[in-house]
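Structure first, commentary second.
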Amino acid sequence: MGDEKDSWKVKTLDEILQEKKRRKEQEEKAEIKRLKNSDDRDSKRDSLEEGELRDHRMEITIRNSPYRREDSMEDRGEEDDSLAIKPPQQMSRKEKAHHRKDEKRKEKRRHRSHSAEGGKHARVKEKEREHERRKRHREEQDKARREWERQKRREMAREHSRRERDRLEQLERKRERERKLREQQKEQREQKERERRAEERRKEREARREVSAHHRTMREEYSDKGKVGHWSRSPLRPPRERFEMGDNRKPVKEEKVEERDLLSDLQDISDSERKTSSAESSSAESGSGSEEEEEEEEEEEEEEGSTSEESEEEEEEEEEEEEEETGSNSEEASEQSAEEVSDEEMSEDEDRENENHILVVPESRFDRDSGDSEEGEEEVGEGTPQSSAPTEGDYVPDSPALSPIELKQELPKYLPALQGCRSVEEFQCLNRIEEGTYGVVYRAKDKKTDEIVALKRLKMEKEKEGFPITSLREINTILKAQHPNIVTVREIVVGSNMDKIYIVMNYVEHDLKSLMETMKQPFLPGEVKTLMIQLLSGVKHLHDNWILHRDLKTSNLLLSHAGILKVGDFGLAREYGSPLKAYTPVVVTLWYRAPELLLGAKEYSTAVDMWSVGCIFGELLTQKPLFPGKSDIDQINKIFKDLGTPSEKIWPGYNDLPAVKKMTFSEYPYNNLRKRFGALLSDQGFDLMNKFLTYYPGRRINAEDGLKHEYFRETPLPIDPSMFPTWPAKSEQQRVKRGTSPRPPEGGLGYSQLGDDDLKETGFHLTTTNQGASAAGPGFSLKF
């Protein structure tokens, strides 16, 4: 039964009809055969028993006929037996029971097929319902997502509008701050301008008062001579003096009051200055002066300070007119008025002289010897309060006192800039390092902090002509260009006299030139890249601040034990601007000088420093100068031989250079620079070298683009500065004579080389036995 269930399948209507047709044909054949067999048996029957036996055998034969077996095999077992049509008289009871079982099985199968079809339909419907449910779920999710996106867009729009509103508010606040700052700056400028004008007017008034005091002194001397001798020469003076002392003086005072109202703002500005000057004048007076006289003098000075130039000129003109009109007054009135006016003028002149002898410039700490002499003069003044000239028994100074005008003229203009500077006595000299472009450098120790510093003494051979412009440029430039790769200035110190000025800088152990002279092996490619990156960073900072160094070379590049490179020696540095101005072409040491300078160009810019950087690049790789020329012509020929002779095509404006117009140069058609480096320089490195050494300054690479070059990003990469090897500091040893490197240009100033012998008798010198070469000594030996 199990096999039948497993092999059962539902037949189609066509299959059932075909099966019925086939079975009908088989039944017809079987009937024909049965009839034939029955005829044969009838003909062979002999007796009843045999017939019975034959009938029984025939029944067995019919029951077990081969047709039935074949039919059962073809129709797959019992299924075909149930479909076979048998004569009713031949079916036994067992077969009927079997037939009923088959009918039941078929009924079950039909029921099962119907239930299977119903289950299939149910599954299909369930799938459809599941599909619908999923579809609705997806639609709900899409709707929720779209709603979330709309909400997100609205939030983003609100956030954007809020940020935009905040940005606009910040911009508005920034503009408001800038506007207020501009207003404040404008007010400050106006205030400074008002103060400056008030100061100028005050100085002019003081100068006029000094001139008028001088004139009154001369008139007083003339009046004294007239009283002693010839009385006939004095009739012209009384009317003027009476005019000054009489009723006609009142309108002049009223005029001063009006002008004081007009110049009230200037009085407020300079009020503190007048108070300090009046206090100094009162302290400088003789001991017999009382407090009442000091108050009267202050009032007179305020009245005189409030008058303008126009009022004084009008007063003088009126006095001259009155002198001409009243030329015939009596001798008695002239004597009385002359005595009164002379007394007043004497007191006023003494006050002004006392005022002018007091210097407003405060005393500096490094010039104490001059302070002692001033104290001596003050003591002498106190001993003789009422006498303008010393007596025979009094102390007479070595040098006569100078007039106030002469003192102001001789006062150096750079003195206020050096107020508060420490003395060089506070440093202990250890040894001499090197002589720079415009000064000598020493290694010294700060006695207070025990720090090792570098002291550079500025050359002051021509101090009589004023402070050297090169020293001013160096100090100004080096203070303005502070950077990790530029030497750090700590302070300015002075010696006993104003002609000894020192720049105190952080001490750096090596300079590249002396270091490469002692190195057995050249720098590694990674070390060269690190040095070049630091050099380009320092040069970029200078150029960004509109500064030309104009003397870049290996001896001016310092290297510390920490691997930090610093650019030094700003003796030739200067600021430049746009448009370019004509500068001197005699700058930069010969070996590092750009071709445009060698050919006489006067307008140049940062490209001259970049050419020097390229020369330093080649020297770091080979430990030898790239173009070691012996003269300007030899330098040009060496450059042309390695880089090829330029032309107007590769260097626009080449034919217009002064040297090109005057002479012709050898023709070198090819660039042979690559052969000099070989494996020391990669293709990217040679490309950078060519960009540094480009003939046309307008196409020469700048420091910023040089830092971005691919040469610094290829292997081997630049090493960390802290990984640099250390060498013994040559500057801490006894100074060795420098090699054959040429000296930098001196700019036509004719400075001589400054040695230790030049330092003697000039404020300090090194206490060593050997002259010229300075070893470590006990310190400075100063003379005041």
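Just so it is clear, glycine is given a Cβ too, placed from its N, Cα and C backbone atoms.
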If Swiss-Prot marks one of SER47, SER278, SER288, SER370 as phosphoserine, which residue does it mark?
SER47
From SER399, SER578, pick the one Swiss-Prot annotates as phosphoserine?
SER578
Can you tell which of SER7, SER161, SER270, SER283 Swiss-Prot marks as phosphoserine?
SER270
Quick check for the class: what is the C-alpha distance, in angstrom and rounded, between THR477 (phosphothreonine) and SER115 (phosphoserine)?
106
Distance, LYS630 (SUMO2 cross-link) to ILE433 (ATP binding site) (CA atoms, angstrom):
26
Counting distance between Cα atoms, which of the recorded positions SER115, VAL441, LYS630 is nearest SER471 (phosphoserine)?
VAL441
The compositional bias 'Basic residues' (95-113): DSSP-derived helix, strand, coil residue counts:
19 helix, 0 strand, 0 coil
Would you mind reading off the Cα separation of VAL441 (ATP binding site) from LYS630 (SUMO2 cross-link), to the nearest angstrom?
27
Report, as a single number, how many Cβ atoms besides its own are within 10 Å of the Cβ of LYS630 (SUMO2 cross-link).
12
Three states by DSSP: which one describes SER471 (phosphoserine)?
helix
